[in-house]
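What TrEMBL annotates here:
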- A:A50, A:E71, A:L79, A:V115, A:W395, A:G402, A:V403, A:I404: FAD binding site (BINDING)
- A:Q186, A:G187, A:N188, A:V189, A:R230, A:R231, A:E242, A:G402: NADP(+) binding site (BINDING)
- A:41-198: domain 'FAD/NAD(P)-binding' (DOMAIN)
Amino acid sequence: MNTSRVFAFKPMKSLLTTKCSRAAITSGLRRLACTPSSCPRVCIVGGGPAGFYTAQHILKAHPAIQVDIYERLPIPYGLVRFGVAPDHPEVKNVINTFTQTAQHERCSYHGNVSVGKDVSVEELRQAYHAVVLSYGAEVNRTLGVPGENLAGVYSAKDFVGWYNGVPCNKDLKPDLSGETAVILGQGNVALDVARILLSPHDILTNTDITQPSLEALANSRVRRVLIVGRRGPLQVACTIKEIREMVNLTGTRPDMLSADFKGIAEVLKDLPRPRKRLTELMMKAVQATPAGDGLTSRQWGFRFLRSPVEVLPSPDLTRTAGIRLGVNRLEGSGDGARAVPTGETEDIECEMVISSIGYQSLPIDPAVPFDPRKAIIPNAMGRVLQATGLYCSGWIKRGPTGVIGTTMNDSFDTARALIQDIETGVLDISTVKPGSQTVTPLLQKRGVNPVSFSDWEKIDVEEMKRGTVVGKPREKLLDVTEMLKTAHS
Amino acid sequence: MATPRSAYVLQKVCTWPYCNAMTVRSENKITINFINRDGEKLTVKGSPGDSLLDVVIDQNLDIDGFGACEGTLACSTCHLIFDEDVYKQLGPVTDEEMDMLDLAYGLSDTSRLGCQICLTKSLEGMTARVPEGVSDMRQSDLGTTSSSS
Ligand SMILES: Cc1cc2nc3c(=O)[nH]c(=O)nc-3n(C[C@H](O)[C@H](O)[C@H](O)COP(=O)(O)OP(=O)(O)OC[C@H]3O[C@@H](n4cnc5c(N)ncnc54)[C@H](O)[C@@H]3O)c2cc1C
Ligand SMILES: NC(=O)c1ccc[n+]([C@@H]2O[C@H](COP(=O)([O-])OP(=O)(O)OC[C@H]3O[C@@H](n4cnc5c(N)ncnc54)[C@H](OP(=O)(O)O)[C@@H]3O)[C@@H](O)[C@H]2O)c1
Ligand code: FES
């Protein structure tokens, strides 16, 4: 942003010490009666934005509740660390507020605890008055087409995990020796991946991208990225900021097909402002597409009304050589339009296919209800159906869409529901619950050594130290064993 | 509690060209009113050159989730709605602000992002309304009723 102005840095005041809600004041009586051992105890499963925002609101709205956050990885913050693109550091400013929450006197962070494996949800329910499930969406939806398992096909989730330092993706080593990459799906994740693939090296060097992926990308031969959607230009799922970043990406040019936008100009005026501006920006990219198909500079483009049918193998059947796409037409209009196959197909040569058709949540524990069709925990305003004392927030509550702001609002909603249940007596807090006093010994007995927030801060310091050496804000540790060693040093 | 800081980017961006000149502090405070989601009116004072986000933070105003990205134009949680005549005085909107504004729930013709509005004397006595029902923002990133985002 060349027009940006930099302001003198002024620390944000704590967002947690603001005045209590009216609800909290009316429960003041309970506060007086509450000693640390008898206070209401809530635990949160998952230390991503949903977990932290739910904790933040519970702590603010109730003067006595103790909140414990259990996170599978030693490291907190979920997709803010492992999803948000390295060239979007400003998005990660939310970490400052999460840190305040974690350091709140009534909050404790317990990293390196995998709920469902190290401790069951039932055990947590025994130990706490309420359990909030905020464990996100951990897998990529599968394409379900032949060739999906060929070398050269990657899920966006793994690819993102690779450049962002998710421990289990560190050995992905994607093959970047081909010229063309096809990304399936047109959401913001698809655009993140396209941008990382095409960004000039110097844009990434001073970000927190992992060093191995930075080096691999520096040697990448990928010059053309096609972002393929099953519906039309008026249905793209990505947002305008991300398209603008593509349009403005140094050293690249758009590669769009003007035919895809036939008739769009006529409907523009009837679109709501956000959709209209987004579509106009894409049309600008169409105009900026040079004639001819010479591959002069790095280029990116959208392809519409195409669904994956098959990933095509190389002659020796060992790796990806192309993709067969089914041609669709639209039925209906606007956001709700459906893609209907015409029966025609079209092949595109490409050496790499990245499937970015969305994330998906998995059931965590047989004791927790799960809707297999929507892949969410069935809930009403965050109250898990038919399970008093169980709540959910974030992507596991509403599915794997929405920006951090969306997740924040739905987490506040869940927190409000929980507080309301305490106030109306739906949630019985009259019994004393031991909280981590019983969970921690249980974990130790099972050989699990939790990482506290101050343990994580040791990792944080170490990463920033390593970053300084290479001119980055941080160099992420990529190995859980090394994280634990640093945390417990 | 002191705010902990990590190595993440901390810069605020203001895309309003006149803003920089306004950062000179003066004793002449400006009175502004916020109407919170529950209808409560919060009347506070801010200095010329402060952004509305600065005012919310400095005055410790209890507006849920306001300013998640700390003024770096990466959220839209600082969305505010103004009266028509005030809106006209707020200065031009950049494409970048408009891009984030487009994702805000309850977008209106007189919406702006609070972190991009700098106080000037002419805004004395103005009112900014926090849009209601932000939770419905979850319906869509685009503020429409898409099934896919
Ligand atoms: C690639 C990508 C980039 C994104 N970029 C942006 C962006 O730039 N801006 C923006 O606003 N939004 C962005 N988003 C969206 C944003 O990340 C989500 O809205 C948000 O992270 C959802 O929060 P969550 O807490 O529900 O899930 P998550 O962030 O996934 O957090 C879930 C947490 O639960 C933990 N967990 C999982 N299983 C267990 C278990 N069994 N026991 C204990 N803990 C467990 C996980 O390790 C994780 O830390 C992006 C999303 C993706 C996928
Ligand atoms: N910078 C940011 O703010 C940022 C960055 C990354 C992610 N995020 C957010 O994180 C969320 C998740 O992003 P996402 O990109 O994973 O999801 P998404 O926005 O839901 O996009 C998924 C894409 O995959 C397509 N798709 C789904 N199923 C398909 C199938 N079977 N065959 C072909 N195409 C299919 C969808 O098309 P249809 O529309 O036809 O369903 C859509 O284009 C989004 O809300 C996003 O905004 C934000
Ligand atoms: S505070 Fe994030 S855009 Fe204003």
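Glycine is no exception: its Cβ is also placed from the backbone N, Cα and C atoms.
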Maximum Cα-Cα separation in Å among residues A:A50, A:E71, A:L79, A:V115, A:W395, A:G402, A:V403, A:I404, which the record lists as binding FAD: 25
A:E242 (NADP(+) binding site) - helix vs strand vs coil (DSSP): helix
Binding-site residues in contact range of chain B, given that the Cβ distance is under 8 Å, out of A:Q186, A:G187, A:W395, A:G402, A:V403, A:I404: A:G187, A:G402, A:V403, A:I404
Binding-site residues: A:G187, A:G402 - member with fewest neighbouring CB atoms within 10 Å: A:G402
Listed binding-site residues with Cβ under 6 Å from ligand 2, out of A:E71, A:V115, A:W395: none
Spatial neighbour of A:R230 (NADP(+) binding site) that is closest, considering only the binding-site residues A:A50, A:E71, A:W395, A:G402, A:I404 and their CA atoms: A:G402
Neighbourhood of A:I404 (FAD binding site), C-beta criterion under 8 angstroms, separation at least six: A:P49, A:V80, A:V91, A:V94
Filtered binding-site residues, from A:E71, A:Q186, A:G187, A:R230, A:E242, whose Cβ is under 6 Å from an atom of ligand 1: A:E71
Secondary-structure category, per DSSP, in which A:V403 (FAD binding site) falls: coil
Neighbourhood of ligand 3 - binding-site residues from A:A50, A:W395, A:G402 with Cβ under 6 Å: none
Binding-site residues compared (A:A50, A:L79, A:V115, A:V189) - the one with the fewest other Cβ atoms within 10 Å: A:L79
Site extent for NADP(+), whole Å (max Cα pair distance, A:Q186, A:G187, A:N188, A:V189, A:R230, A:R231, A:E242, A:G402): 20
Number of Cβ atoms other than its own within 10 Å, given for A:N188 (NADP(+) binding site): 20
Using Cα positions only, nearest of the binding-site residues to A:R231 (NADP(+) binding site) (A:A50, A:E71, A:L79, A:V115): A:L79
